[in-house]
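Asks: I'd like to ask some things about the structure below.
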């Protein structure tokens, strides 16, 4: 893939703001920007410069230019970043003039793509930048920063090197069958080495899938009888009146959705119809949906109050919650005495007390964060991948290694093993971008922001 033109895009949101940043990158970056400068033309050198921009002798703006000379820039190309006065009209006008002067409007993620293609960052770092920008919670932010910096990427390099070592040992035994006493080349040795790599890949996949789910959002159903405060819980969590809150039983007949981003996890919240005995056909459809959502949800927030906790309808819900991850929420806790709370804590597991109408849900938020505080995905020195394409590649690597292990343990000819090991090694190269297809790379970077 060869990209040799010069591109421009806003690096900040185009809106009514004090300052906007416009990025120009490519071999002709200085030449194009100089077309807008009358006096003190830019030289190809690094620095900060104050200049006035003109178009057809009309003063457009007074700006600060941050200049970088290839290869010492983010993209590896000549780069001029224009800090101009903000505003939709002003920012767009400068961009349009730069396009008329020879630049092309950059595609989404094209600056990061150029950085990757010019060897400034690998593919894991590139995806880390995107993860950082789109992080919904502290966990995703932490993973994005770690992957962007490349601090944990050596794990993939080590896996590649170790796998190549096994491939080489097998190849030696194939090419020189008489030398069967080469150290570390016995079937037992190769199996042990391969199992170590397989275990590392399995752990990477486990961490990554868990972190991906926490980052994208856990499907969370808020269930309970009518008028116990389910909608108040939803509104308190997302800090907006998305669900109708009244004293009339059966107000929420359908599904209401919202999202909340906590420290360790994001929740995709679903407020469901209250579960009760009713002859109302429409309400019964909502109740059936509520019961089905219990099976589909990753986490259930089961809301009760002190008056109805032992009702038969709630006992039915407790039965549905067997083998499910759930939190029992006793709402309207302001009506409970300290002794009543202690007695309930002794009787029920994973219980919290809230007063959602007063927005007192601290216990609930703390409990959810604790539940999803996983040591495996909170280690600072472990590689975690949360891009869907990355996780798919790791799954493919896992499958190739599993097949290779099955072959070597079955006693089949050793040369057959190398086919799957070579495939796994090539997939590791694809993971960090040593090998890639142009269409796949385009697809990855088009998911990025314009200007990045």
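Glycine too: its Cβ is placed from the backbone N, Cα and C atoms.
Under the heading K(+) binding site, Swiss-Prot lists 227, 246, 248, 251, citing sequence analysis as support. Summarising the annotation, Swiss-Prot assigns GTP binding site to 227-232, 246-252, 271-274 and lists sequence analysis as the type of evidence. According to Swiss-Prot, the feature Mg(2+) binding site maps to 231, 252. According to Swiss-Prot, the domain 'TrmE-type G' annotation covers 217-373.
I'd like to know what surrounds each of these features in this structure.
Replies: Reduced to three states, the DSSP call for residue 227 (K(+) binding site) is coil.
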Asks: Taking all residues of the domain 'TrmE-type G' (217-373) together, what is their mean pLDDT?
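Replies: Summing pLDDT over the domain 'TrmE-type G' (217-373) and dividing by its length gives 79.
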Asks: Go through 227, 230, 231, our binding-site residues, and report the one whose Cβ sees the most other Cβ atoms within 10 Å.
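Replies: Comparing the binding-site residues 227, 230, 231, the most crowded Cβ belongs to 230.
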